[in-house]
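Here the structure comes first, spelled out in structure tokens, and everything after it is commentary.
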Amino acid sequence: MGKRLLDKLWEKHVVTTNENGLDLLYIDLHLVHEVTSPQAFEGLRLTNRKVRRPDLTFATMDHNIPTKDVWNITDRIAKQQLDTLRENCKQFQVPLADIGDEEQGIVHVIGPELGLTQPGKTIVCGDSHTATHGAFGALAFGIGTSEVEHVLATQTLWQRKPKAMGIELKGKLQKGVYAKDIILHLLSKYGVAVGTGYVMEFYGETIGAMEMEERMTLCNMAIEGGAKAGIIAPDEKTFAYVKGRKYAPRDYETFEKKWSELYTDADAIYDLHISIDVTDLAPYVTWGTNPSMGVRIDEKLPEKHDVNDERAFSYMGLSPGQSTYDIPVQHVFIGSCTNSRLSDLEIAAAVVKGRKVKEGVRALVVPGSKRVRDAAMQKGLHHIFEEAGFEWREPGCSMCLGMNPDQVPEGEHCASTSNRNFEGRQGKGARTHLVSPAMAAAAALYGHFVDTRKESYDGAISYS
């Protein structure tokens, strides 16, 4: 019987197996940020240990930093975490993309753009959305702070092998429908626990047509379906994306030959298989308080089925049967490790070019990295956004989570390109609606959601 991509990635990294069936995996890349690393470094210090492989470790600052005035950090805890990371990286000789550095940005944006993320690698980070890197054919997953310390000290991690889920995506997406809509559809249909105990492998003709940044969006949110990770077999697009980047292999041809062997064999069998035809897929909007609570833009909000729905409707200030077009939008956030790359900003800019943000709507564009920001500015995207009435910010996690100055006021609704819509995620009492960059940009123009499949966004307003 053939092997799945998961099998090939896993087997190449097993150092040993213990009596409980746990495998000790070697870790090829450890990404670090300021929030989940302080206790881990302190653990090394208390036990007089060193970082085993500083050359396989890379740190950045992203969660806590302000995106408006990056040097004016007024929150005491945030400043302490940033200062601590700076001190720890210096003491343990770990490379750091500090505030203002050309390599600084959201950890899951800079990994791929710097060429740190490569096919065949095992990649970990003390962050849920490490699965993003799986778009390159890497086995990437989030870990806890105690595990961060273990990897820093040993460059290994004890893990139990997950099962393999195959998700076949067929068909061609309509204009105005994106990878974000695919993953929101998947979650709305199968729920937030469908992937528990699995690694999701996305494949099929739809994947082949996607560019790398779209694939990253898919894998980024595999964790929202409960999966350990999301992976996609590398192909020519993957190889072309990695080639020539700062930390890409110098002996590139040798590596590309090895990478081309990373795929699921034709006779391999997945433990669970799902098939989705994306041909008739519509833009999605989440209405509730977890990512599976979403509907198509042309659907009404669902009926209440349990106490969770009851609580979600109450928190969000919405009602069953309500039109998605009637949901008010007071804030728009285009950013996060899900949708803050150059192609995401280009899509949003195309929607708002020559138009104006609706009066009363606050709209932010937060590039995922310094390099993304610079590239966008070279294309003049910042002018398009600013002329439309958006705020053009410095890179960081920003409004994705209520851990920095960028927050949504209590009781107000935000169209967000991020990945989580939990209660309080964007600030106390904030009401988050997950959408694609195009949907978020269009919502900024009208103060409510519209159908991005329409040639004229005005045509969507008459829906009832």
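Positions of Cβ are set from backbone N, Cα and C atoms, glycine also.
When other Cβ atoms within 10 Å of the Cβ of C400 ([4Fe-4S] cluster binding site) are tallied across all protein chains shown, the result is 28. In three-state terms derived from DSSP, C400 ([4Fe-4S] cluster binding site) belongs to a helical segment. If you look up Swiss-Prot, you'll see C337, C397, C400 marked as [4Fe-4S] cluster binding site.
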For the [4Fe-4S] cluster site built from C337, C397, C400, further residues of that chain with CB within 8 A of the site's CB center:
D62, H63, I106, H108, H129, G335, S336, T338, S340, G368, G396, S398, L401, S418, N419
Count the other Cβ atoms sitting within 10 Å of the Cβ of C337 ([4Fe-4S] cluster binding site), across every protein chain shown.
28
Once near-sequence residues are set aside, which residues in the chain of C397 ([4Fe-4S] cluster binding site), 6 or more away, have Cβ atoms under 8 Å from its Cβ?
D62, H63, I65, I106, G335, S336, C337, M403, N404
What does DSSP call C337 ([4Fe-4S] cluster binding site) in the simple three-state scheme?
coil
